[in-house]
Amino acid sequence: SVGVPGTPKGLELASKKFGKLPWVRVVEPVSDLCSEGFNVSDALARVLKAQEKSIERRPSLRDLFLVNETGKLLQEGDVFRRPVLAATLKRLAQYGAADFYSGLLSKNILTDIRSKGSILNTDDMGSYEAIAEGAIKVPAGVTSSLLTSPRPSGGPALAMAASLLKGLVPLMRTPDLGLQYHLLVEVFKQSLSHRMDTSLAYSDSQVSKRGNDKLQNITRTMSGEEVRPSVPGTDDAAFRDAGIPDSVAVLDPSGDAVVVFSDMHGLFGSQVYSNTTDVIFNAALKEFAVTTAAGSSGTSNEVQYLPGTRAPTTMAPAIVVEDSGDVRQFLTVCGSGNQTLTAAMQILWRTLHTNLTVKEAIDAPRLHHPLVPDVLYAEKEFP
C-alpha cells in the first residue's frame with residue numbers, strides 16, 4: 001500500500017521557491033532534534049496506547065516505540081530519540097532530496113520496504129517530481145476570498161462550498177432554521193459529490209483532464225434553485241476515512257501566510273518501516289480502492305492505479321484574505337475523513353456570513369452528512 005513519498009521533494013521545492021536560508025540550515029536543526037531527543041506529547045502517548053496491539057505485532061515498530069529498560073511503550077514526557085532518522089536527515093541536508101529518490105537513501109529504502117512486500121521500484125522513486133500549482137481562489141465573503149489547495153486535496157470541495165454558501169446568503173438568512181440547515185446539508189452533498197472527480201482524477205498524464213474540466217466550474221456562484229439534492233451511490237467505501245493528517249500554519253510579521261500539510265493515510269501510515277533510514281511509510285495506495293460516488297451504476301474512475309497518479313486526501317489547508325490583501329483567518333482543515341471538510345464548511349459559513357467569532361464558530365455544535373451513506377448526523381447539543 002506504499003506510494004512514493006512526496007514530502008522531501010515538496011519541502012525542498014518550497015524552500016527553493018520561497019525560502020531565504022540554505023537547505024542545509026533548514027534541515028539540520030530537525031536532525032539535531034531527532035538526535036538529542038524530544039519529549040513525548042500527550043497526543044502521541046494516547047495514539048501509542050490506542051495502537052499498542054498493532055505495534056506489538058510489528059517488531060520494527062515495537063523496537064521504535066518501546067523503552068528498552070522497561071519494555072513498555074513510551075509515555076507522555078519520556079524522551080524520544082531517533083538517531084537513525086537524524087542520520088537520514090543529515091544526509092538529506094547534505095545531498096538534497098534527490099538522494100531520497102535516486103541516491104543511497106533510495107537504495108536503502110527500496111531494499112527495506114521490498115523485503116516487506118512493497119512493489120515500489122527505482123523507476124517509481126526516480127521519476128517522482130514535486131509540482132508547484134497555483135492556489136484555487138474563490139469569492140467567499142462580502143469583501144473576502146478563499147485560497148485553498150488544488151486537487152488531489154479536499155481543497156476543490158471546500159472552494160465549491162465557499163462559493164455556494166456566498167450565493168445562498170439571501171436564502172440562508174431566513175428565520176426558518178429548518179430551511180437554513182437543509183440548504184447547508186445540500187451544500188455538503190453538492191461539494192462532496194464533486195470531490196471524487198476533482199480529487200481522485202489527478203494523474204501526471206492527460207488522463208486527468210476530466211478533473212481539470214471540473215475545476216473550471218467550481219468558482220461559479222449558484223442560486224438556491226441550482227442546489228439540487230445529490231443522489232449518492234451505494235458504495236460506502238467511496239468516502240472512507242482518509243487517515244490522520246497533520247498540518248502547520250504560520251503567519252509572519254510581514255503578512256506572509258503558509259500552511260503545510262502531510263498525510264500518511266492512516267495512523268503510522270502503512271506501518272511499513274525502513275530500519276536503515278528510520279522512516280515510516282504512507283498507505284497512499286489504499287486510497288485508490290475507492291470508486292466514484294456513481295460507481296455502483298457503472299461509472300468507474302479511469303485514473304485508478306495508473307503510474308503517476310497522486311493519492312487523494314481530504315486535507316484542505318485554506319486562507320481567507322480580505323480584498324485589501326490582509327489575512328482574515330486560517331483553516332488548516334486537518335482531520336480524518338469528510339467530516340473535517342463539513343466542519344470547515346460550517347466554520348466558513350458562521351465566520352463569514354453570521355456574527356459569530358472564530359471561537360464561537362468552532363465551539364458551536366455541528367451537522368455532518370458524508371454523502372455515502374445517505375445519513376445525516378448531528379451533535380447532541382445541535383442546534
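Here the Cβ of each residue, glycine as well, is placed from N, Cα and C on the backbone.
TrEMBL labels come from automatic prediction, so no person has curated them.
For Thr314 (L-glutamate binding site), the count of additional Cβ atoms within 10 Å of its Cβ stands at 30 [all protein chains shown]. Residues or ranges marked as L-glutamate binding site in TrEMBL: Glu287, Thr313, Thr314, Gly337.
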Checklist entry - When a 10 Å sphere is centred on the Cβ of Thr313 (L-glutamate binding site), how many other Cβ atoms does it contain? => result 23
